[in-house]
Structure formats: structure tokens, C-alpha cells
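If you look up TrEMBL, you'll see 46-68, 123-146, 158-175, 187-209, 221-240, 260-281, 288-304, 310-328 marked as transmembrane segment.
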Amino acid sequence: MVATKPNASTPITGKMSPRVWFYSILLTLQYGAQPLISKRFTRREVIVTTSVLICEIAKVVCAIILMAKDGSIKRLAKEWTLMRSLTASGLPAAIYALQNSLLQISYRNLDSLTFSMLNQTKIIFTALFTYIILSMFYECGCFFFAKWQRQSIQQIGALFLLIMAAVLLSIGEGSSKASSTDDPEQILFYGIVPVLVASVLSGLASALCQWASQVKKHSSYLMTVEMSIVGSLCLLASTSKSPDGEAIRRHGFFYGWTPLTLIPVVANAVGGILVGLVTSLAGGVRKGFVIVSALLVTAMLQFLFEGKPPSVYCLVALPLVISSISIYQKYPYKVKKKEA
């Protein structure tokens, strides 16, 4: 089947529908509120691995309920194959698991400011890998997918504005944690290199998820289920050697839990569902806008509920975020005449 290309003057709008805007706003609020909710309702004694595993289970349950509600669960069950699942969800899930491990290593060997600034480079890598992976289908005549990866000059500028805002917000949150070492080689090989590799992996995994949902037409709910299962298996395997695994064996799985602990866990699970929807409908780059915007929401909520005023960096970052979102939406990529 030959793909139909638009006229030379046809813009690739990339504009989001009201439904995608709704999902994006919900995800922004969830991301922004999650740190405060977790801080308020999760006791220090709670073992991190247990909350992550329960969150993954909650995501699976939510996704299955939503698939049952939209009537797709029977069709997806018939079409499901192990190979397709491993290709669409297994690889990104394994990449995310490796990324999280690298981030933990890096965070122990870098001050918070350096870590946060380098971690924002994942926005660039997401845009880069999205372009590389999805452009292959554009070259093959699948013009429809070009709108998901091609960026105009103005949109590239908007991405750099977004990164500047993210860096400012990171500075605002501050370098309250100093580096645990002064050894330059340890900082480089166990701090800077791991966080940069993690940023590359984050961009790659996000692009692969977008490819699976938009090109392979893999259901975002099904991807959530599959990635949660793979991620949980990786996490369970790590408990054989990890300090969390030892703590679980010593104190029990639900050590430190209260009924209120379920509030941040369920909120995080809902956020995971929204991440899948935003990535599949709007792309990994726009998810980056959501994540940075959520930092502003966190600052606002801290002011409202904890009386902590936003920093000067936060106030400077606010117009940058608004400008970057406006520019990215207003100046989409347009097809050149030679591409018609």
C-alpha cells in the first residue's frame, strides 16, 4: 500500500487534540503533586522496592480494567504473541531498568545540581532517537509518521528553551546534596558517565515506546501491562543481592506500610497509565514538556501547602516553559516542496 503524501504547502501541524491536552494536564498535575504526596503519606521505614512492586501491580490492574471497559481486552488477547510483546515492550522495559540502575550509581557520586543538569539532556536524546527511528518509516514512504519526528527550526529552539528552564529549576531545587567523593576519576566514571548513558537510554526507550504504539499499533494499555511485568521481574531478580531484598527478608514485605501508603502508590500507578497515553498519542518529546512543567507545579504546591516560596530560578523558568510550549505548538514542521 503506497502512502499518500500531502501537497508541498501542507503543514505537519502536530497539534494536540483536546483529549491529549487533558491527559497531558493530568500527567503534569500528577508528576507535580507526587513528591508531596509521597513525602506526606509514605513513612521512612517503607522499603522502596515494595512500593515500586505494588505500584507495578496497581498499573497492571488499572490497565486491565481500562481495556475491559473499552472492549479491547478480548481482541488484544487473541492478537497477543510473545515475540511481539518482547519487541514492543520487553526491550524498553529492560532499558528503563538499566537506566534506573545507572541513575542510582550516578546520584551517589554527583552533587544534586550536576546530576539534575546532566539528567535533563534526556530531552535532546528523546528528540534525536525519535527522529532516527521514526524517520526510517518516512524514507520508506510511510509519510504519516513524519509528523511525529520532524522538528522545525522553531521547535528545536523551543526544546533548548525547555532545557534551559529545566536547568534553572534544577538549580532552584539546589545543590543541597554535595558529592560523596572528591576523586575526579570516580566522579567522571561513576557519576558523569552513568547519568549521560542513562539519558541516552531514556531517549532510546521513549522513542521505542513511541514506535511501538504509533507504528506497530501496540495498545498503550497493553504496553503498560507488559512493561510492568518485565520491570517487576527485573526488580524481583535484583532482590536476591540488593539491600532492599535483605530488608524484606528480615522485616517482611509490608514493613512500615499503613493504609495511607496506598495513596502515593495508586497515584504513581495512574501516572504510569497517563505516561503511556501521552507517549502514544503525542510522542516522547511532548512528554518532556510535561515533566518540566511538573517541576513548576511542584514549586507552586510547596508554596501553597508548605509555605516554601518559589526560588528566583523558578520564577525565571516559568516564562521559559510557557514560551517553549507556545513556540513548539505554533511553529510545526512544514513539508518542503521536494518532499511532496
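Cβ atoms here come from the backbone N, Cα and C positions, even for glycine.
Values in this document were obtained by computation on a predicted structure and should not be read as measured data.
Between the transmembrane segment (260-281) and the transmembrane segment (46-68), the number of CB pairs under 8 angstroms, six or more residues apart, is three or more, so the stretches are in contact. Same-chain residues lying 6 or more positions outside the transmembrane segment (221-240) and placing a CB less than 8 Å from one of its CB atoms are 49, 52-53, 56-57, 59-60, 63-64, 66-67, 72, 76, 80, 85, 88-90, 92-94, 96-97, 209, 212-213, 248, 272-273, 276, 280.
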